[in-house]
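The block underneath contains the structure these notes are about, expressed in C-alpha cells.
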Amino acid sequence: MISIDGVSQTFKGKSGPVEAIRDISLTIGEGEFLTVIGRSGCGKSTLLRMVAGLLKPTKGEVRVAGEVVREPRRDVAMVFQKPALLPWRSVEDNIMLPVEIFGRRKADHRAQVDRLLETTGLTAFRKRLPHELSGGMQQRVSLCRALIQNPKVMLMDEPFSALDALTREELAVELQRIHMDLGTTIVFVTHSIQEAVLLADRVAVLSSRPGQVRRLVEIPIPRPRSFGHNAHMDQVAGVSAELHSLLLSDTHLPKTSTL
Amino acid sequence: MTDFDAGSRTSRVWTNVGLPILGVIITVTGWWAITAAFHIDPFYVPSPADVVDTFLRTPEFLLQETWTTLQRVLIGFAIAVALGLVIAVTLAASRTVERMAMPILAAINAVPKVALAPLLLVWMGFGDSPKIVMVVLVSFFPVIVSTMAGLTSTPDDLQELTRSLKASWWQTFVKVRLTWALPQVFVGLKVATPLAIIGAVIGEVVNPDRGLGSVIAGSGASNDTPLAFAALVLLAVTGVVLFYLVAGIERLLVPWRVAK
Ligand SMILES: Nc1ncnc2c1ncn2[C@@H]1O[C@H](COP(=O)(O)OP(=O)(O)OP(=O)(O)O)[C@@H](O)[C@H]1O
Ligand SMILES: [Mg+2]
C-alpha cells in the first residue's frame, strides 16, 4: 500500500543543515498496522509528513497505492497530536469538514456521521462545541473526522500523547477495534512502547537523529489485544523489553561514536 | 475572575451590572467631593450638579447635537470597518500587495489627523462629509492591523489540516482563517470605536457647524465651561454605549471565544 524508498530529509536550519531522516526504506502492506517508535526529535513526524505529501523528501520517493506522492491525497487521512478542531463548529460539523471541502453532498454522509458518533460514544455530544469536551473526546472527534474521508491510509502522529494514561489506553483499544472493522492501513507514530505493542503488526524502531530504521519488530500476538491481564502477557512482556532495550541502547550510540 | 460563586445568577448580575455602576457612582462622588472640598470655580472645573443643571437647561438641543455626532460616528465607523476589512483581506491574500501597501497605510495613519482637518474643509466644505472622512481616517487603521493579525494567526495544526485535505485557498480562507480571525477583528473594533468618536469631535471642533464638537468649540468662545463638560459627558456616555454594543455583537458572533 505504501512504499517508502530510500527517503531522506535534510532541513536547512538557521545554524546549518539538519539531517532529520536518512535513507529510510519501508514497505507497508494493505491493511497493515505499522507503528513508528523513536525518541523525541528523531524525525517521526517528518517521516509521516513526507508520506502525507505535506513535505517533499530531499532524496528518495514515497508511493501510495502505486502512485508517487507529490501532494496530499484525499484517500490518505491525517490525525495530529492536537485535535485541530475548529472551535466554532459543533462536533458533527467538525466531522463534516472534509465532506464540505471535498465538495461532496453532506446528506450522503449523515448516516456515516451517526455511525461514527455511535462507535466513539459521542452521540450525546454531537451539538457541543469543542471547548465543552474533554481532551479524549476532542481526539475522538478528530478520529471521526479522519474516518469520514473513508481513507485507504490513516497517518497518525502521536494522536493520544496529550491524554492521560487511562484515556490513552481506552482510545488505543477503540482504534484497534476500528482497524479490525475497517482494515484501513495505518501508520501510527508514538513513543509509548505499550501503545506500539497493543496496536502494531510491526513496529519500526527509529534511531536518534538522523532517523534511520534501527529494527523492524514483528508483533505476532493475536487480536483483539488488551491491556492488563490476558493470555499473552509473557509475549507482550518479551517484545516490550526488546523495544525498550532497542530504544535505550540507542542513547549511548551517538555519544560514544562522537567521542 | 476566579470567584467561587461566579456561576450563580445574582452574583453574575452583580459583577456585570452592579460593579460597573458602583464604579461610576464612586467616580462621580469623588469628582463632586473634590470640587466641593477645594471650592473650585465652576469656570475651571464645574461640579456634577453644575453639569446636570446645564444639561437640563437645554436638553433637546444637547440631545439633538449628540444625535448629529453619533450619526457621523456610526456612518464613518461603518465605512472604516468595511474599508479596513477589505484592505486587510487583500493584504492577507497577497504578500506582494502587503509589502507595497503597508508603508503607505502606516504613513497615512501616522499623519496627525488634526492637521488634515483644514484641508478637508477646503476640499469638502462644511457639513457632514469632512467629519465622516475624519472618522474614517482616524479609525480604519486598527481594524486593518487587527484583522491582518487575526488572518495570519491561524495555528499550524489547522493549516496542516487544510493542506492535508487539499482544501483550496478560498476554502481555507472562508472556512478557517476568516472565522479564526474574528476575535482579533473585535479587538480592533474595540480600539476603533473610541477613535471614531475622537475623529468626529476633531472634525467638529476644527470645522464647527453642528454636533457636540461644535458645542465644545462654541462653549470656549462663550466661556461656558459647564456646557463643555455637559458635551464631554455626553460624548463619554456615547463612547461607553458604543463600546458595549460592539462587545455585545462580539458575544453573539464569537461565542466560542467568550465562553473560554
Ligand atoms: N521545518 C523544519 N525546519 C528545520 N528543522 C526541522 C523542521 N521540522 C523538523 N525539524 C527538525 O528535524 C528533527 C526531527 O523533527 P520531528 O518533528 O520529525 O521529530 P519527532 O520524532 O516527530 O519528534 P517528537 O517525538 O518530539 O514529535 C528535529 O531535530 C527538528 O528540530
Ligand atoms: Mg513529532
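Cβ atoms here come from the backbone N, Cα and C positions, even for glycine.
Beyond its flanks by at least six residues, the transmembrane segment (B:21-40) meets 46-49 of its own chain at Cβ-Cβ distances under 8 Å. Annotation comment: TrEMBL describes B:21-40 (among others) as transmembrane segment.
Sequence annotations record features per position, and here TrEMBL assigns domain 'ABC transmembrane type-1' to B:66-246.
Sequence annotations record features per position, and here TrEMBL assigns transmembrane segment to B:73-92 (among others).
The transmembrane segment annotation in TrEMBL covers B:104-126 (among others). Within the chain carrying the transmembrane segment (B:104-126), a Cβ under 8 angstroms from the stretch's Cβ atoms is held by residues 87, 133-134, 137-138, 141, 144, 199, 202-203, 206-207, 209, all 6 or more beyond its ends.
Same-chain residues lying 6+ beyond the ends of the transmembrane segment (B:132-151) with a Cβ under 8 Å from its Cβ atoms: 72-73, 75-77, 79-81, 83-85, 87-89, 91-92, 98, 105, 108-109, 113, 116-117, 120, 124, 177-178, 180-185, 187-189, 191-193, 195-196, 198-200, 202-203. Marked as transmembrane segment by TrEMBL: B:132-151 (among others).
Annotated transmembrane segment per TrEMBL: B:185-206 (among others), in sequence order.
If you look at the transmembrane segment (B:226-247), the same-chain residues 6 or more away from its ends with a CB under 8 A from one of its CBs are 42, 46, 50-51, 53-55, 62, 65-66, 69-70, 73, 77, 186, 189-190, 193-194, 196-197, 201, 212, 215-216, 218-220. Among the features that TrEMBL reports, transmembrane segment is placed at B:226-247 (among others).
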